Structure formats: C-alpha cells, structure tokens
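**Student:** A single structure is presented below for examination.
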Amino acid sequence: MYVFVCQTTSLVLLLRYSKTVNSEKYLSSTAVVTAEFLKGIVCIFLVWLENDRSINRVILVINEEIYNKPHDTMRLARLSGLYAIQNNLLFIALSYLNTATYQVTYQSKILTTALFSVFILNKKIEKRQWFSLFMLAIGVALVTWPTSDESNKRLTAQNQATWLQQMMGYLNTATYQVTYQSKILTTALFSVFILNKKIEKRQWFSLFMLAIGVALVTWPTSDESNKRLTAQNQATWLQQMMGFCAVLVSAVTSGFAGVYFEQILKTGPTSVWVRNIQLAIFGTIFGLLIVFCFDYKAIMDKGFFQGYTTIVWIVIFLQAIGGLIIAIVIKYADSIIKGFATSLSILLSSVISFFVLHDFTPILFFYIGTMCVLTATFLYGWKRKPKVTSSVNDQPCI
C-alpha cells in the first residue's frame, strides 16, 4: 500500500507539472492509450519471467488464458467498458457542475465501493468501519474542495471569507440539497450504533436510493428559488441535472468496477499479470475509439505523439505501473483499502505542493478534511485487543 501511495502521489505531481510546463501540449487521450499499451507490454514481460523466460510458454499461456476462454476474457471487456464510461461521465459532470457539488457527490464512490463489497463479495464491515468510511468520504471532499473561484489561485481575505461562509452555511442550494440528504444515512448509522438495530443489505440499498431520490425531488428549479422557469433557466437546470446524474452514475460505476475487478482477481488461478494483459487489450481498444472520436483532427494535424517530452513519458510509465500496483493491492487487500490509499496520496501530494512546489495554499477546509482522513484511516484499521481472562488454574498457589 505504501508503494501505491508513493506512485499515485508522484503521478499526480508530475501530471500537474506536465500540464503547466511551457511546451507544446500533448493529448491526454493518446497518453491514456499509450499507458494501456505499455502496461500490456510490461505484463507480457512479467509472464515471460514467470515462465522460465520461454517465448513459447508465454504464447501458450496467452492462448490458453485469453483466446481459449472467451467468456472469461469478455468479463474484462465489460470492465474496460465500465472504466471508459466512467471517465466520460466525469468529463460531462465537470462540464455542467460547479466544482463543490462535483467533489461532494463524487466522494460517494467510497461508500458505493463498500456497499458493492458487501453485496457482491459478502464482505463483513463493522460499525466502526462504516463510520470511518463516512468520515473518509467527508474528509476527501473537504481536502479537494476548490480554494478560490474553483481554481488553485492564492486566496485573498475576501475569498477566504467567502469559503468560511460556505462552511458556516451559505452554500448554494444544489450543494446543500445533495449534502443534507446524508441525514437519512446518518440516522440509519446511529440506529445501528446506539440501538443495535439490524439493517439488511436490501434496506441499506433502499436508504441510499431514498437519499438520492429526495435530493433530486428537492433540487432547486430556477435561480435557487421556486420561480417559474424561463427557457434559459430551464436549460441551465437541465444541464445541472445532467451533470449531477453523470457524477452520481460515475460514482456507482466506480464502486462496482472496483469490486467487480476484485472478484475477478480473487476467483480462479489466473495470474494478476494475465488479467492485466486482458484489461490492457480492451483498454487500448476503447481508448483508441475515444482518441479518434474526439482528437482525430488534432492527430492528423500534428501526429499521435505531439507534445511528448521526457516528463510526459515518465507520467505514462507511472500510469502504466500504477495499473499493476492497483491490481496487486486489490488482489491481496481489497478495493476499500485502495480507496484509503488513494485518499492518503491526495493528502501527501497537497503537502508536497505546498512546501515544495508552492502552487497550493491550504484553507480551513483542507485542515478539517486532513483530520477526518487520518482519523478515518486509523479507525478503519484499528483492531481491539481481545480481553485476556485469567482462569482458576492461572492463580498463584498460596
């Protein structure tokens, strides 16, 4: 997990640097495809090492595990499709939602991952761990909260006062409605903690649906009031709804995809490297489709590898290796632990940005979120020591 935190932190910092350095801009879509292709090559190399460095045995393994098991391979195709849908939904969400609403809503992926772990893998999650997961989701949302005008500009006194007002209760109605409906879930949690109420999986799912439904029903109509919609306001409202639904579906698909991948990795004798080869094949195919749908003209003008520098290639390599590390973390730990590791890497990259790169200024939200993330991480992994009871035979003789 420590390796994953370091890899993710390095990737985030270098990715940010590669986007801000004064040079020809590269196409993110081509970088994703190149990283998937490179991941496949690295995995083939690892399979070669596992099989006594025999090319014939590598071909035999690939033929046996990929071509002769089409049903098994198609499971990875569906997973790659889910990842492609998720990435495109996030793009839609960021186009139509303000950053605050996006961050608050998207962190529900932490909870959807836990829910799918319970439903699909029959994972047992204790009350304390459920509480820590809610705290983690809140903490990450606060840590990644935009600083000023939804950018990373240095805060002025007026801007800082604005964010303090938002913290104290002056949120826009959309963000308020999305966040406040968590009261439905907190009521259920405290019923479990205080009253020892037993809530079934089906009932947890219905509570999440209820929270989402009430948030949608009470969504503001026009200028965050109940005035009759004009054509322009209605278009804005529809865009907000589209963005909200996109980020919500993305959070659900993120949780499902992570747990589905965990189920694939932990069932059957197929190695992690072969699974990643399968994932890389379909990831490359879906990635190429996206490249030629959105960046075909740019590629025809300046080429597929336009803007690629040494830093960009390092970013691509880290992204490819990151896919392998994620698979190992999921196989030998679980998707929930991966979520904690990702959250810690966000904290670490923010700290490095502040002390080393000087391109990030923390606000009150960041400090509160940091405490939430660290406390949640401790609570989730903390195990009570069993009470030692002394027997009669252990008493000293007098």
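Quick reminder: no glycine exception, Cβ is built from N, Cα and C everywhere.
Caution: TrEMBL annotation is automatic and unverified by curators.
Not my notes, these are from TrEMBL:
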DOMAIN    40-144  domain 'EamA'
TRANSMEM  28-49  transmembrane segment
TRANSMEM  130-148  transmembrane segment
TRANSMEM  178-195  transmembrane segment
TRANSMEM  204-221  transmembrane segment
TRANSMEM  241-261  transmembrane segment
TRANSMEM  273-299  transmembrane segment
TRANSMEM  311-330  transmembrane segment
TRANSMEM  337-357  transmembrane segment
TRANSMEM  363-382  transmembrane segment
**Student:** Counting Cβ pairs under 8 Å that sit 6 or more residues apart, are there three or more between the transmembrane segment (311-330) and the transmembrane segment (178-195)?
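**Tutor:** When sequence-distant Cβ pairs are counted, the transmembrane segment (178-195) does not touch the transmembrane segment (311-330), since fewer than 3 lie under 8 Å.
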**Student:** Do at least three C-beta pairs under 8 angstroms join the transmembrane segment (363-382) to the transmembrane segment (28-49), pairs 6 or more apart in sequence?
**Tutor:** no
**Student:** Test the contact criterion for the transmembrane segment (273-299) and the transmembrane segment (178-195): 3 or more CB pairs under 8 Å, pairs 6 or more apart in sequence, then answer yes or no.
**Tutor:** no
**Student:** What are the DSSP helix/strand/coil residue counts across the domain 'EamA' (40-144)?
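**Tutor:** For that range the per-state counts are 89 helix, 0 strand, 16 coil.
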**Student:** For the transmembrane segment (337-357), could you work out the same-chain residues 6 or more beyond its ends whose Cβ comes under 8 Å from its Cβ atoms?
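**Tutor:** Tertiary neighbours of the transmembrane segment (337-357) are 1, 4-6, 8-9, 12-13, 16-17, 109-110, 113, 136, 139-140, 143-144, 258, 326, 329-330, 366, 370, 373-374, 376-377, 380.
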**Student:** Restricting to the domain 'EamA' (40-144), report the mean pLDDT as a whole number.
**Tutor:** 86
**Student:** Other than its close neighbours in sequence, what residues sit by the transmembrane segment (178-195), given a CB gap under 8 Å and a spacing of at least six beyond its ends?
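**Tutor:** For the transmembrane segment (178-195), the list is 101, 104-105, 127, 130-131, 134, 171, 204, 207-208, 210-212, 214-215, 218, 244.
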